[in-house]
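Here is the structure we will look at.
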Amino acid sequence: MGITKLAHLIHFDAPASMRSKEIGDYSGKIIALDTSIVVNQFRSALPGHLKLSPLAGLFYRTLAFLEHDIKPVFVLDGKPPHQKRAVLEKRAQSTGWSSSQSPNTGSAFNQECLRLLHLMGVPCIKAPGEAEALCAHLAKIGTVNAVASEDMDTLAFGGTVLLRQLNAKRDSEITEYSLPKLLEALQLKYEEFVDLCILLGCDYCDKIGGLGPSRALKLIKEHHTIEGVMEHVNRKTHPIPLNWQYKDARKLFFETPKIDDPVLAWSEPDEEGLVQFLCKEKPLKEERVRGRMKKFREMLLKRRKQREVNMQMGQTRQSRLEDFFPATRKRRAESAAVKESSGRKQFKIK
């Protein structure tokens with residue numbers, strides 16, 4: 001779920017903090033992805049073959065990212081916080097899985113993801129807790145350029161740049177959210193923003209009844225904290241949950257994941273290893289895997305040749321996807337907007 005109606009609030013109250021992008025705009029960028037969210041997309045799109053379909057989807061999508069010169073970093077969930085247990089059980093029931101089948105808790109499936117990504121030469125990190133929290137932390141400390149996720153709680157965890165709908169299709173429209181610009185537009189401190197997210201509704205506790213996005217924002221601007229809101233809210237129209245665990249939720253959003261800064265490295269995919277895993281041990285067709293790898297090698301060769309041409313012409317910059325596909329009008333307009341706004345004040349996220 002993430003944060004209830006946060007995207008709605010941003011659309012109406014802070015549109016300057018979001019913009020439309022294309023996948024080519026992230027050529028050369030390092031992007032962190034919550035593996036469970038990527039896997040869930042393939043589970044819903046390709047029912048049946050519980051383990052194969054997500055692995056096949058992960059294989060094809062990762063190759064597409066690499067072809068676009070994106071450096072993906074996949075993060076696996078660790079042990080979920082106890083505050084999220086009820087939410088996970090509810091999700092499992094709604095999808096028809098048992099909780100043990102969920103990618104959040106399936107250690108065997110996590111090992112298969114690790115093996116696949118290792119064979120593809122892509123880094124994969126096991127988070128101590130929520131993968132989303134570690135993704136946000138990596139963006140906050142500058143290890144990655146952005147987080148690709150459909151869950152808005154990336155922003156509540158302090159992720160500086162969130163990408164939604166990054167699905168590896170060249171013509172798809174991606175929505176990019178900037179946390180510093182969002183705080184500026186809403187005129188909130190980061191700590192106030194986290195309390196706003198809890199008021200809107202998150203995965204870790206209940207929420208005050210009857211508070212919509214506009215009302216919650218108004219109350220936080222007036223009273224700055226949840227404690228201040230509780231002192232002034234009408235409890236008849238906005239009942240406060242019994243034994244409300246909002247402080248635990250707040251702590252989870254503020255908490256820094258206990259993990260050493262990862263050393264990230266990418267390498268060429270191991271085609272024979274991939275064929276052995278996906279086609280010999282799993283029932284994916286070998287001709288499909290080899291055909292996709294051939295297309296991938298051709299794209300890499302084309303990029304290298306273009307770089308050589310650029311070097312001969314005295315161009316030392318790294319080649320981007322725009323070198324192979326003409327820039328669209330939207331991309332040129334976005335580039336101009338970025339240059340125009342480059343001098344704006346930035347907020348530091350603690």
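Yeah, the Cβs are placed from backbone N, Cα and C, and that goes for glycine too.
The DNA site recorded in Swiss-Prot includes Arg61, Gly201, Asp203, and the single candidate from Glu130, Glu271, Glu272, Glu281 that the record places there is Glu130. Of the residues proposed, Asp25, Asp34, the one Swiss-Prot records at the same Mg(2+) 1 site as Asp77, Glu130, Glu132 is Asp34. The feature region 'Interaction with PCNA', as given by Swiss-Prot for the ranges 227-235, 317-325, 335-343, sits at 317-325. Checked against Asp34 (Mg(2+) 1 binding site), the binding-site residues Arg61, Asp151, Asp153, Gly201 differ in C-alpha distance, with Asp151 being the nearest. In the three-state DSSP classification, Arg61 (DNA binding site) falls within a helix.
DSSP assignment over the region 'I-domain' (110-223) gives 54 helix, 15 strand, 45 coil. The separation of Asp151 (Mg(2+) 2 binding site) from Arg61 (DNA binding site), Cα to Cα, is 19 Å.
Glu130 (Mg(2+) 1 binding site) and Asp153 (Mg(2+) 2 binding site) have their C-alpha atoms 11 Å apart, to the nearest angstrom. Cα separation, Asp77 (Mg(2+) 1 binding site) to Asp151 (Mg(2+) 2 binding site), rounded: 14 Å. In this structure, the C-alpha atom of Gly201 (DNA binding site) lies 13 angstrom from that of Asp151 (Mg(2+) 2 binding site).
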